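Asks: This structure is in structure tokens; I'll ask about it shortly.
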Amino acid sequence: MPCSVEDKTGLCGSRYSVMIPELQESVIFSEDSRHYNEKQTRRQRKSSADIISTVEFNNTGELLATGDKGGRVVIFQREQENKNQPHRRGEYNVYSTFQSHEPEFDYLKSLEIEEKINKIRWLPQQNAAYFLLSTNDKTVKLWKVSERDKRPEGYNLKDEEGRIRDPCTITSLRVPVLRPMDLMVEATPRRVFSNAHTYHINSISVNSDYETYMSADDLRINLWNLEITNRSFNIVDIKPTNMEELTEVITAAEFHPHNCNTFVYSSSKGTIRLCDMRSSALCDKHSKLFEEPEDPSNRSFFSEIISSISDVKFNHSGRYIMTRDYLTVKVWDLNMENRPIETYQVHDYLRSKLCSLYENDCIFDKFECVWNGSDSVIMTGSYNNFFRMFDRNTKRDVTLEASRENSKPRAILKPRKVCVGGKRRKDEISVDSLDFSKKILHTAWHPSENIIAVAATNNLYIFQDKVN
């Protein structure tokens with residue numbers, strides 16, 4: 001259903017992109033571009049509040065939610081498929097937009113709390129309404145998104161504007177009725193989960209029982225019931241008695257997709273811990289520890305920084321775990337703890353530039369990674385608005401670029417290649433020419449179709465597979 005919602009964020013009709021994840025050599029992705037830009041982008045002024053900080057499809061893929069640094073959530077709805085226009089089958093339009101979080105100030109600690117949306121997670125749809133969790137650094141909120149196309153009329157004690165009428169002026173008794181109205185999408189906060197995290201929240205994950213979820217910060221992971229806001233259970237606590245002895249922090253956490261007692265969390269030291277809540281209430285002792293031994297020949301000043309895991313994801317079956325560190329994506333088998341079964345180099349050509357990346361703080365960027373619906377393809381972002389895709393079966397990979405400069409309606413996205421040294425071909429880009437201010441940190445893949453969403457700073461691109 002086309003939405004008739006006022007676009008309060010200025011996210012309007014720019015372009016939208018379309019892509020195919022068949023990792024062929026030449027014609028790979030088509031782009032029916034309609035990416036969404038903020039008004040400031042059109043004037044070539046980028047505001048930090050407009051930078052997209054998270055992207056997430058719902059369980060059916062019909063809705064796509066984005067959060068930004070300004071604390072806003074924008075939800076896009078997929079257009080109904082039109083047989084006469086098959087190229088528009090992956091088109092999404094603005095469905096609802098609302099302010100999820102506001103900036104706050106902690107007077108006890110004299111700290112500002114940013115409104116930036118760190119994560120969004122959808123709950124499975126149970127009725128006509130949609131529910132999602134959004135979080136900033138300190139507070140998680142449960143939102144209900146619902147449609148309304150009727151309004152009540154004919155109140156006895158209220159006039160048409162909702163003002164209370166003088167009972168003395170009421171001369172007849174009316175029966176209220178429902179009248180049709182233009183479709184309106186409402187977002188209302190149903191729960192607010194706060195005051196449980198001392199440090200910044202980096203992850204939220206909904207459990208497979210759909211009754212609980214967990215939130216993770218730098219040193220602790222808490223378990224919540226979706227119906228209870230004033231109490232949570234601490235299930236992981238790695239804070240040492242003496243903070244000077246702190247050697248690592250929690251970077252990401254996720255529940256197993258099917259086993260409600262099992263979850264994993266990653267650390268800044270490059271380790272992944274699998275925990276079972278049935279073993280103890282406080283999961284300080286992990287069930288399994290996944291860690292790859294470091295090659296002494298590759299040891300450097302930056303080794304610990306680039307080994308920090310920025311994202312961890314179970315595959316759909318729950319058999320494998322995917323992790324992303326600064327230079328690589330790794331796939332781990334739950335039955336093999338000592339090394340990953342697959343390692344993919346995302347941008348190994350940056351290894352010689354780690355010193356300059358450290359100086360400009362880019363080495364601390366946190367890239368996410370996603371599976372496709374069948375777990376056969378992996379996607380993650382890079383610099384220069386590049387994103388990488390790896391086919392696990394054919395072992396082929398491709399680098400693609402999300403940018404307005406090379407976007408035309410239903411154009412074909414050509415693979416890009418980075419040249420490290422020597423003579424550069426016409427279609428290659430030198431590693432020295434990469435723009436490190438243009439980075440793709442956040443991506444999402446439709447749960448069942450070849451449709452992906454890519455956030456490039458304050459632009460959102462949506463790609464679908466090529467339509468002949």
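Including glycine, each Cβ sits where the backbone N, Cα and C put it.
Pasting the feature list from Swiss-Prot:
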| type | residues | note |
| --- | --- | --- |
| REPEAT | 47-86 | repeat 'WD 1' |
| REPEAT | 112-153 | repeat 'WD 2' |
| REPEAT | 196-234 | repeat 'WD 3' |
| REPEAT | 245-285 | repeat 'WD 4' |
| REPEAT | 304-342 | repeat 'WD 5' |
| REPEAT | 359-400 | repeat 'WD 6' |
| REPEAT | 435-468 | repeat 'WD 7' |
Asks: Taking the repeat 'WD 6' (359-400) as the reference, which of 245-285, 304-342, 435-468 gives the largest number of Cβ pairs under 8 angstroms?
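Replies: The stretch with the most contacts is 435-468.
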Asks: If we skip the immediate neighbours and take only residues 6+ beyond the ends of the repeat 'WD 3' (196-234), which ones have a Cβ under 8 Å from one of its Cβ atoms?
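Replies: The answer is 118-119, 121-124, 133, 135-138, 140, 142, 246, 249-260, 263, 265, 277, 281-282.
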Asks: Against which stretches of its own chain does the repeat 'WD 5' (304-342) lie, if we need a Cβ under 8 Å and a gap of at least six residues from its ends?
Replies: 251-259, 264-272, 274, 288-294, 348, 350-351, 354, 358, 363-371, 373-375, 378, 380, 390, 392
Asks: Given the model, what does the mean pLDDT over the repeat 'WD 6' (359-400) come out as?
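Replies: PLDDT averaged over the stretch: 96.
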Asks: What parts of the chain pack near the repeat 'WD 2' (112-153), using Cβ distances under 8 Å and only residues at least 6 beyond its ends?
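Replies: Distal contacts: 53-60, 63, 65-73, 75, 96, 98, 100-106, 160, 176-194, 197, 200-206, 210, 213, 215, 224, 226.
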Asks: For the repeat 'WD 1' (47-86), what are the same-chain contacts with Cβ under 8 Å, counting residues 6+ beyond its ends?
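Replies: Non-local partners: 1-3, 9, 11, 36, 38, 40-41, 92-103, 114-122, 124-125, 130, 132, 134, 136, 143, 145, 187, 442-449, 451, 453-455, 457-460, 462, 467.
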Asks: Going along the chain, which residues at least six beyond the ends of the repeat 'WD 4' (245-285) come within the CB cut-off of under 8 Å?
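Replies: Same-chain contacts beyond the flanks: 202-203, 205-209, 212-214, 216-221, 223, 233-239, 291-292, 304, 307-314, 316-318, 321, 323, 325, 332, 334, 366.
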